[in-house]
Amino acid sequence: MLKDEKAIVVFSGGQDSTTCLFWALKTFKEVEAVTFNYNQRHKLEIECAKEIANDLNVRYHLLDMNLLNQLAPNALTRADIEIKEGEDGELPSTFVPGRNLIFLSFAAILASQVGAKHIITGVCETDFSGYPDCRDAFVKSLNVSINLSMDKEFVIHTPLMWLDKAETWGLADDLNALEYVREKTLTCYNGIIGDGCGECPSCKLRKNGLDNYLLKRI
Ligand SMILES: [Zn+2]
């Protein structure tokens, strides 16, 4: 039974990973969260993640991933690079090459240290922002590689993989966490907690999803 097992949630303090954290708390006996610090544009992201982990009584790990910033300057890590959506098959300026490869691999190393079998990530192919490392095939392939590399049987869970943003809000609602996720999480590229700036691509996606969900809910 999953209820007897331990899980690590890759956690950024945003809508998706917070919903995953609530999902994990309902699914597993013991849950810990890990945030990666790669000098993301908003330090507030980390404060926000810590606060949520604290609220939910979850053991919290913060791992230093500054090397990622050193290797991959991009709109999420450098204030002087503009946030742009990808055009003509290009990746958006927010893409950090190798980010989920690195994060999930380090999450697995942490999982092996704390005795967790399950790793949860909020990646999603449906509202896919053009990031190749959010695809199901990538996650499944990495799961195999990680297990081979450590001779373990980790299971990477992606509860949001096939949900659109409205359905992700629905999942939060099913977990009795809609208001919490709405008020406490940070997804805005301009660093505004909750409903955000309303203008950036991330806020637009979040708001459209919420509006669609609330329309259907009534
Ligand atoms: Zn915003």
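Any Cβ shown, glycine's included, is placed from N, Cα and C.
According to TrEMBL, the feature ATP binding site maps to F11, S12, G13, G14, Q15, D16, S17, T18, T19, C20, L21. According to DSSP, Q15 (ATP binding site) is assigned to a helical segment. Sequence-distant neighbours of Q15 (ATP binding site): residues of the same chain at least 6 apart with a C-beta under 8 Å from its C-beta are T168, A172, V181, T185, T187, R206.
Per TrEMBL, the feature Zn(2+) binding site maps to C188, C197, C200, C203. DSSP assigns C188 (Zn(2+) binding site) to coil, not to a helix or a strand.
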Notebook entry, point to check: Cα distance, G13 (ATP binding site) to C203 (Zn(2+) binding site), nearest Å?
Noted result: 15
Check: Within 10 Å of the Cβ of L21 (ATP binding site), how many other Cβ atoms are there?
Finding: 28
Item checked: Additional residues around ATP, ordered along the sequence, whose Cβ is within 8 Å of the centroid of F11, S12, G13, G14, Q15, D16, S17, T18, T19, C20, L21 -> V9, I52, G122, V181, T185
Item checked: Cα proximity to T19 (ATP binding site), best match among binding-site residues C188, C197, C200 -> C188
Check: Using a 10 Å radius around each Cβ and counting other Cβ atoms from all shown chains, which of the binding-site residues C188, C197, C200, C203 yields the largest count?
Finding: C188
